[in-house]
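Student: Here it is, the structure, as structure tokens.
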Amino acid sequence: MSELLATYLLTEPGADTEKKAEQIATGLTVGSWTDLPLVKQEQMQKHKGRVIKVEEREGTAASEKQAVITIAYPEINFSQDIPALLTTVFGKLSLDGKIKLIDLHFSEAFKRALPGPKFGVYGIRKLLGEFERPLLMSIFKGVIGRDLSDIKEQLRQQALGGVDLIKDDEIFFETGLAPFETRIAEGKQILKETYEQTGHKTLYAVNLTGRTADLKDKARRAAELGADALLFNVFAYGLDVMQGLAEDPEIPVPIMAHPAVSGAFTSSPFYGFSHALLLGKLNRYCGADFSLFPSPYGSVALPRADALAIHEECVREDAFNQTFAVPSAGIHPGMVPLLMRDFGIDHIINAGGGVHGHPNGAQGGGRAFRAIIDAVLEAQPIDEKAEQCKDLKLALDKWGKAEAV
């Protein structure tokens, strides 16, 4: 019988942790057990949850008690979709005190019902023809209220700086100044021109927004227009919505999952989901080719262990393509050695102000990032590289080098 394993962190679980775990296993499956007659227990046994592990530990405060428990849920109890799964293992339980869902282990049968990334790390690299270094992405900044001519010029300047990907701001919606379809068409023309000028290919991720009922048609139209990638605020819509986009054969476009709203689900040490589960495993399983999340050293920083755990879930060996991890927020060129130390080659360096705020503009910012990436790959001293690349020197003079965390 196939089972799904859910692992929880309980804070102040009560005097009897084993009893609490058994109550959860029973309460979220058959509802009651000891009150059932023996014949009914035999009939219901295949539906009953099982306690797999109970491990007590000290909490963050000296007087605080915590426990990690793992419960097996028979998959016969729910349909093979994420809404049914989450309602089963963390529906009413999420309202029952200090309980955090930290991991899910899926059966191979359930995995077959999920799409995973269409492209993944290798597929994105293949689109760009770049396999030997971290990719570099920049972000449109300050575009609210700007018309299409401003958007086009920002796109051009970023591409000329040598970035591999450019994404819309997640708060850039349909307001009439720069319509979705027009941005795609005009963006493709700009990037065609910069490729002809530099020989460097750049992809543009356009923000897919609007009412849920309209998203598939809008995404299909984007695909028809040749969109390179779709930025998607997955946690404003739901994982199942992203899954629907990812598994649609008429939307053969990479999906870039933005973490907006996810902090409401992950930030508490006592409630919600672990960062690794929500931004790593579930994003990957539901079809994200890219997963953005705060880096350990930027302006909106995650603890290093949490950021590394997200990355691990994105790339660990599994039934699905790997998801590109995109540590973000407040990234500048001086952070690149830390990013490459912690996340290796297969991640994307994502910068906004670190590109646009460069003294030589977005082109200079892109060149500074590319120079320091090359220096790290070649084991060249950063200061030596800065003497060879004026843009890098200006960036380091402005932002400095990030300290190890």
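One-based numbering along the chain as shown.
Placement of Cβ uses the backbone N, Cα and C atoms for every residue, glycine included.
Here Swiss-Prot flags Lys92 as active site, proton acceptor. For Lys141, Lys167, Asp168, Asp169, Glu170, His258, Gly330, Gly352, Gly353, the entry in Swiss-Prot reads substrate binding site. For Lys167, Asp169, Glu170, the entry in Swiss-Prot reads Mg(2+) binding site. Residues annotated as N6-carboxylysine in Swiss-Prot, with similarity to another entry given as evidence: Lys167.
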Student: Compile a sequence-ordered list of residues in the same chain as Lys167 (Mg(2+) binding site), six or more apart from it, whose Cβ lies below 8 A from its Cβ; state 'none' when nothing qualifies.
Tutor: Met137, Ser138, Ile139, Phe140, Tyr204, Ala205, Asn207, Ala229, Leu231, Met256, Asn350
Student: Looking at the binding-site residues Lys141, Gly330, Gly353, whose Cα is closest in space to that of Asp169 (Mg(2+) binding site)?
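Tutor: When the Cα distances are compared, Lys141 comes out closest.
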Student: Around the Mg(2+) site formed by Lys167, Asp169, Glu170, list the extra residues of the same chain whose Cβ is within 8 Å of the site's Cβ centroid.
Tutor: Ile139, Phe140, Asp168, Ile171, Phe172, Ala205, Asn207, Leu231, His258
Student: Ten-angstrom check, please: count other Cβ atoms within 10 Å of the Cβ of the residue listed as 'active site, proton acceptor', all chains counted.
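Tutor: Total other Cβ atoms inside 10 Å, all chains included: 10.
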Student: Sorted by position, what residues of the same chain at least six away from Gly330 (substrate binding site) have a C-beta under 8 A from it?
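Tutor: Ser295, Tyr297, Gly298, Ser299, Val300, Ala301, Gly353, Gly354 - these are the non-local Cβ neighbours of Gly330 (substrate binding site), listed in sequence order.
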Student: For the residue listed as 'active site, proton acceptor', which of the binding-site residues Lys141, Asp168, Glu170 has the nearest Cα in space?
Tutor: Glu170
Student: Taking the Cβ of Asp169 (Mg(2+) binding site) as centre, how many other Cβ atoms lie within 10 Å?
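Tutor: Other Cβ atoms within 10 Å of Asp169 (Mg(2+) binding site): 16.
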Student: Determine the minimum-neighbour residue: among Asp168, Glu170, listed as binding-site residues, which Cβ has the fewest other Cβ atoms within 10 angstroms?
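Tutor: Looking at the binding-site residues Asp168, Glu170, the Cβ with the fewest others within 10 Å is that of Glu170.
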Student: Through the lens of DSSP with three states only, how would you label Gly353 (substrate binding site)?
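Tutor: Its secondary structure by DSSP: helix.
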Student: Looking only at Cβ atoms, how many others are within 10 Å of the one on Gly353 (substrate binding site)?
Tutor: 17
Student: When a 10 Å sphere is centred on the Cβ of Lys141 (substrate binding site), how many other Cβ atoms does it contain?
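Tutor: Its Cβ has 15 other Cβ atoms within 10 Å.
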